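Enquirer: Take this structure first; my questions come after.
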């Protein structure tokens, strides 16, 4: 007896439509073999961003070569549970199956043991040797940042869409996951310790319906002080804090958490294809290499399971320059005073010196050492490494007060910052005043000597004058 009537076609079609397969079932089939077993192969791929042009699946296996452009998802968990009381070897069983919905089937299998497994590297998970029947299939382990595929029902077997009058006992389904991606950048060009750097977090808006939650969490480094947090959408849609989202700073952990409200989730649902953008401004408190990673939870299961999408790290770096002041013989010099400038023009005119922690002038110590800490790295800006040293950020050191007995440096000294240690980067030599040559004595002891010599000359002249007069009188 052929089990071909509207009920069987309906269940088979609905089951396949729910997981991305379809087609017109045959209108005639041989009797189902009650001694047979079936298999269900689940092929798990990331949902493509654009149409693939793949043939519509109908329960048969799609040529693997046609799927080469899709991204397979490994480690996705599924549980299949047979719905009790459905005998597909009878017309009554197909009629009962046709009356079920996914929700009523979920209630029917609640508490019953099922078979579970996870997809392999190629995205494939096969359940073999399954008794014939109606199965409730649920995704139980979802990739980070993905929305779980909706539970679905599938009958084993299905009417074979290729071979007329036969049944398909080995069924292939292709449920796809939409993956939420996340990114993070930092804007720190021209900054130093004490300045504000801006961190921008972006995350995809889940597609396929309104998500039930959306959360962004950013644990800030202890060397960062939170200033502000705002959220918008990348397509220009504005959001209002307190209406569309909340922003909370946990002071104890220095962690920012942004949660979207029901109104905010409505806005997300209306803007599929855009991204959420959270901008966090922070003040840099200390020098060093500061890494920042945020997490995005695009739905409630990801929050409950602690399974977020993690952004790539963004890094901002602030380091130090250490110089040693010496004379021409290598002896260390204390008391030299310097300023730092960010352009050669400013260095030459001594305008807009760099200020760090309220200090804009640094003095060499008794050991001749001078360390200026808190300058932005020269070879990484806005989280982008600059490979060519010719393009590195330059700083300029200007001596504003020379040690006693020494000349000022004649021109600024260019330098770069690529580390946060105190290794001596520059050795700066001062020349003795007037190049070490003595100037003519025109003051102090020199003046005294000249005056003394003048007095002696005058005394001598007076003596000669007296003697001359006496001689003149004697001659008379």
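Including glycine, each Cβ sits where the backbone N, Cα and C put it.
As annotated in TrEMBL:
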DOMAIN    38-178  domain 'Gram-positive pilin subunit D1 N-terminal'
DOMAIN    394-431  domain 'SpaA-like prealbumin fold'
DOMAIN    432-471  domain 'Gram-positive cocci surface proteins LPxTG'
SIGNAL    1-28  signal peptide
TRANSMEM  447-466  transmembrane segment
Enquirer: Can you count helix, strand and coil residues in the domain 'Gram-positive pilin subunit D1 N-terminal' (38-178) using DSSP?
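Expert: Counting residues by DSSP class gives 21 helix, 56 strand, 64 coil.
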Enquirer: So how many of the residues in the domain 'SpaA-like prealbumin fold' (394-431) end up helix, strand or coil by DSSP?
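Expert: With helix first, then strand, then coil, the domain 'SpaA-like prealbumin fold' (394-431) has 0 helix, 18 strand, 20 coil.
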Enquirer: Can you work out the mean pLDDT of the predicted model over the domain 'Gram-positive pilin subunit D1 N-terminal' (38-178)?
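Expert: Mean per-residue confidence for the domain 'Gram-positive pilin subunit D1 N-terminal' (38-178): 86 out of 100.
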